[in-house]
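Listed in Swiss-Prot:
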- 235-243, 374-379, ASP461, ARG476, LYS572: ATP binding site (BINDING)
- LYS73: N6-succinyllysine (MOD_RES)
- LYS106: N6-succinyllysine (MOD_RES)
- LYS157: N6-acetyllysine (MOD_RES)
- 1-27: transit peptide (TRANSIT)
Amino acid sequence: MLACVTMKMLRHAKCFQRLAIFGSVRALHKDNRTATPQNFSNYESMKQDFKLGIPEYFNFAKDVLDQWTDKEKAGKKPSNPAFWWINRNGEEVRWSFEELGSLSRKFANILSEACSLQRGDRVILILPRVPEWWLANVACLRTGTVLIPGTTQLTQKDILYRLQSSKANCIITNDVLAPAVDAVAPKCENLHSKLIVSENSREGWGNLKEMMKHASDSHTCVKTKHNEIMAIFFTSGTSGYPKMTAHTHSSFGLGLSVNGRFWLDLTPSDVMWNTSDTGWAKSAWSSVFSPWIQGACVFTHHLPRFEPTSILQTLSKYPITVFCSAPTVYRMLVQNDMASYKFKSLKHCVSAGEPITPDVTEKWRNKTGLDIYEGYGQTETVLICGNFKGMKIKPGSMGKPSPAFDVKIVDVNGNVLPPGQEGDIGIQVLPNRPFGLFTHYVDNPSKTASTLRGNFYITGDRGYMDEDGYFWFVARADDVILSSGYRIGPFEVENALNEHPSVAESAVVSSPDPIRGEVVKAFVVLNPDYKSHDQEQLIKEIQEHVKKTTAPYKYPRKVEFIQELPKTISGKTKRNELRKKEWKTI
């Protein structure tokens, strides 16, 4: 029976079990690879019965994490750690929920006392996958300070922009980026506190490791209203500077229960590994809120760079039951010989970030016996659509709407389109705004207003819904190619390209043409075995393959072989960069 979370249940800690445990605890059966959901019976009942009351006050640290500590002490949860960290040097950290609570309260006292931060002050966090990153997340929750994550790939210019535009009061980083911060700090009038995660001291910085040794673990969590701003995520658009996307204590702290309970299908017995970079909102999705609201263990491997063999070895060595990664990672993994790896505990694999092509899911299934359950969402949302356990997977589809949202395909006037017709993917926000949606773009009311059309929030993505209610991604609205009157989405062309044995990966954009206005151009990364082939002949073979695989008018009239595709830190292909280069605008 699907649990219903009511306002009364959320107001009282003693009722927390019904919020977080959502179904029975399951034991780990190493040979059990069933796709039967643990937390719901089927998609239809999940969608129909789901309710989530939003209390006036909510704080994830107090109302979720501390409640798991109480259950842990009472012996009412499995012995999995709350947090499990490893690195390539063989070092390992395991924290129970009680230890996570104690350490995060110490960190909270450092923020409040040593850094003199007040509720609502903003904290930029730029760290790789180190344990302190998770402590900082929880410490900000406890103090009511607003967390602003950033990737360690940020340049000095990027850091300056983020510090100035966010008006951040504190920054937390490491030895690598501290010099860049020091170089721009005089230009950031709101910045008054700097914490460094390092074995060494640095002038003008508080050394977190040393301060943690002396900090008290006695701290009272602030009482935050559900609609207070909890975090701000910088998200890049197709033009201009990155936007600041604001989320509240309820939009992510409660909203991501949808991800954890339904899409990830987590229980307290699970060990969840998400490979996302710490600077991406996907880490909040699958490395913090979704697993911990379900009482699951957050597992992470501090890999400085992507290494397919390290990922395969880790999945084989450790009792990871749920694995989440970007399509690019899965594509690179299946190119390896996986016969020697046995994933004895792995039961559930999910992917997000951009569409995953059917050829990758088929290869993964053939090599592991497991399906990949694709999910679709944005920095601005929790899970919008997904493939859920217990429902048929249509290869290439992003599944059906999550319980959080009423999703439709709409036209330019905000009218709902029938099945089969392409339009803009929208989420209904009137008359009642759903709980798992961002509040606004900070200091950018015009951009916030531009996302609304009629009764809908417009995602900026194009797609269609089929007769069975499955949603299909076509392209970002700005990625659609208009050629000789045809509208061509890059994903379908890329899907066809990637099925050719010579293609490791591809990206499709528009290219100027004097007759057709624009045509399809494919940037192709070749598999190693094909790099010595005659390129002109190979281009013809690839073009003919696409003509036979999809509608002939979609084939790439131009093909360019490149060494690698430009990617964002989350693994998404930067089609916009390729398109601008093609049109000579950069």
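Cβ atoms are placed via backbone N, Cα and C, with glycine included.
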Legend entry - Residues satisfying Cβ distance under 8 Å from LYS73 (N6-succinyllysine), sequence separation of at least 6: GLU98
Inset, instruction - Calculate the distance in Å between the alpha carbons (Cα) of the residue listed as 'N6-acetyllysine' and TYR241 (ATP binding site), and round it to a whole number. - result: 12
Inset, instruction - Counting other Cβ atoms within 10 Å, pick out the least crowded of the binding-site residues GLU374, ASP461. - result: ASP461
Inset, instruction - Determine the most Cβ-crowded residue among the modified residues LYS106, LYS157, using a 10 Å radius around each Cβ and all protein chains in the structure. - result: LYS106
Legend entry - Alpha-carbon distance [LYS106 (N6-succinyllysine); TYR241 (ATP binding site)] in Å: 36
Legend entry - Spatial neighbours of GLY377 (ATP binding site) that are distant in sequence (at least 6 apart) but have CB under 8 A: TRP285, ALA352, LEU383, ILE384, CYS385
Inset, instruction - Could you round the CA separation between THR235 (ATP binding site) and LYS106 (N6-succinyllysine) to a whole angstrom and send it over? - result: 31
Legend entry - Residue with minimal Cβ packing [other Cβ atoms within 10 Å] among the binding-site residues THR235, TYR241: TYR241
Legend entry - Rounded inter-Cα distance in Å - LYS106 (N6-succinyllysine), GLU374 (ATP binding site): 38
